[in-house]
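Record features, source TrEMBL:
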ACT_SITE  His159  active site, proton donor/acceptor
ACT_SITE  Lys163  active site, proton donor
BINDING   Gly36, Ala37, Arg38, Gly39, Arg40, Met41, Asp66, Gly102, Thr103, Thr104, Ala129, Pro130, Asn131, Phe132  NAD(+) binding site
BINDING   Arg67  NADP(+) binding site
BINDING   His160, Gly169, Thr170  (S)-2,3,4,5-tetrahydrodipicolinate binding site
DOMAIN    31-132  domain 'Dihydrodipicolinate reductase N-terminal'
DOMAIN    136-272  domain 'Dihydrodipicolinate reductase C-terminal'
Amino acid sequence: MSDSESRPVTGAVPVTGAVPVTGAVPVTGTAVGVLGARGRMGSTVCAAVEAAADLALVAALGTGDDRGALAAADVVVDFTTPDAVMDNLRWCVQAGKHVVVGTTGFDEPRLATLRGWLAAAPGVGVLVAPNFGVAAVLMMTFAARAARFFDSVEIIELHHPGKADAPSGTARRTAQLVAAARTTAGLPVAGPDATTAALDGARGARVDGVPVHAVRLAGLVAHQEVLLGGAGETLTLRHDSYDRTSFMPGVLLSVRKVGERPGLTVGLESLLDLD
Ligand SMILES: NC(=O)C1=CN([C@@H]2O[C@H](COP(=O)(O)OP(=O)(O)OC[C@H]3O[C@@H](n4cnc5c(N)ncnc54)[C@H](OP(=O)(O)O)[C@@H]3O)[C@@H](O)[C@H]2O)C=CC1
Ligand SMILES: O=C(O)C1=N[C@H](C(=O)O)C[C@H](O)C1
């Protein structure tokens, strides 16, 4: 679409502190629609898109709003719920929209379903990332690289009490990466553990064999520690998101790049040129 082409700007919700996006106005740059726009992340994304000179917010939708308002969007961003996201994705892919997905809850069966929809929509790109924080991605990458050098590894994720899912998508992904690295190195995934008596949950949940512990605490946003232990030493990798603006550079990078990547991309790391 040309820079100055006019297209309808629709949306059922006003975006925090912004003029309600209604009526036809000229749109400059990539047209972006946001699903989950009233939520913690969705509202932050709307503000970030509005502040970006090369992007235009053309639709900001919440629960029950008509997805037809996304007709003008080149790229749709989804920060909704694990229950809602697959239906949104099917709709968007069938409508030929590129999608950036931050919503959690993606396991291998969901990704396979998504690949199937994308196979029938050549040229459409979807990027799914459990965490758009650059530092969070580095923490996950470092954890995977370190995993083979230690006897034990456990993950503690800490989040605000409003979070619906546990453990976090980031912790699940970290555990998968760590488990794969240890398996490739010929190591047992789980470290030594002599526990024979424990209260339910005291040793956390196992994700691909890695113990994962979830904390929900007022005052927190999103945090994670990967604890690695060996003979007489430990390594702790810690990441902290103190504010949801921490996710915005990764979301905006993904919005700008997703159209160049037909098919499914998993993880922001694919865009970061990491070794
Ligand atoms: N990848 C990443 O970097 C990050 C991912 N997340 C993930 O993003 C998701 C959202 O988190 P958060 O913003 O904190 O959650 P919130 O509960 O604050 O927001 C979710 C929003 O989704 C809306 N919603 C639910 N169903 C639909 C639907 N069918 N269509 C449109 N909107 C819908 C809700 O709308 P309504 O209010 O109208 O009911 C709600 O406002 C979670 O899965 C979380 O784990 C969070 C932070 C970073
Ligand atoms: O719900 C959140 O807040 C977050 N969700 C994502 C996750 O589940 O990993 C990313 C980040 O941890 C914040």
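Glycine is no exception: its Cβ is also placed from the backbone N, Cα and C atoms.
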Entries of Asp66, His160, Thr170 (binding-site residues) sitting next to ligand 1, with Cβ under 6 Å as the cut-off: none
Which listed residue (Arg38, Arg67, His159) has most other Cβ within 10 Å, given these are recorded positions: His159
Sparsest-packed of the listed recorded positions (Arg40, Lys163) - C-beta count within 10 angstroms: Arg40
From Arg67, Lys163, Gly169, Thr170, the recorded positions whose CA lies within 10 Å of that of Gly36 (NAD(+) binding site): none
Other same-chain residues whose Cβ falls within 8 Å of the Cβ centroid of His160, Gly169, Thr170, the recorded (S)-2,3,4,5-tetrahydrodipicolinate site, in sequence order: Thr104, Pro130, Asn131, Glu157, His159, Lys163, Asp165, Ser168, Ala171, Ala222, Gln224
Whole-number Å value for how far Lys163 (active site, proton donor) lies from Thr170 ((S)-2,3,4,5-tetrahydrodipicolinate binding site) (Cα to Cα): 13
Rounded distance in angstrom between the Cα atoms of Thr103 (NAD(+) binding site) and Gly169 ((S)-2,3,4,5-tetrahydrodipicolinate binding site): 9
Under 8 Å by Cβ from Asn131 (NAD(+) binding site), same chain, sequence gap 6 or more: Val137, Met140, Gly169, Thr170, Arg173, Ala222, Phe247, Gly250, Leu268
Spatial neighbour of His159 (active site, proton donor/acceptor) that is closest, considering only the binding-site residues Asp66, Arg67, Ala129 and their CA atoms: Ala129
Span of Gly36, Ala37, Arg38, Gly39, Arg40, Met41, Asp66, Gly102, Thr103, Thr104, Ala129, Pro130, Asn131, Phe132 around NAD(+) - largest C-alpha separation, Å: 27
Recorded positions near ligand 2 among Asp66, Asn131, Lys163, Gly169, Thr170 (Cβ under 6 Å): Asn131, Lys163, Gly169, Thr170
Rounded Cα-Cα span from Arg40 (NAD(+) binding site) to Lys163 (active site, proton donor), Å: 10
Other CB atoms, at most 10 A from the CB of Asp66 (NAD(+) binding site): 11
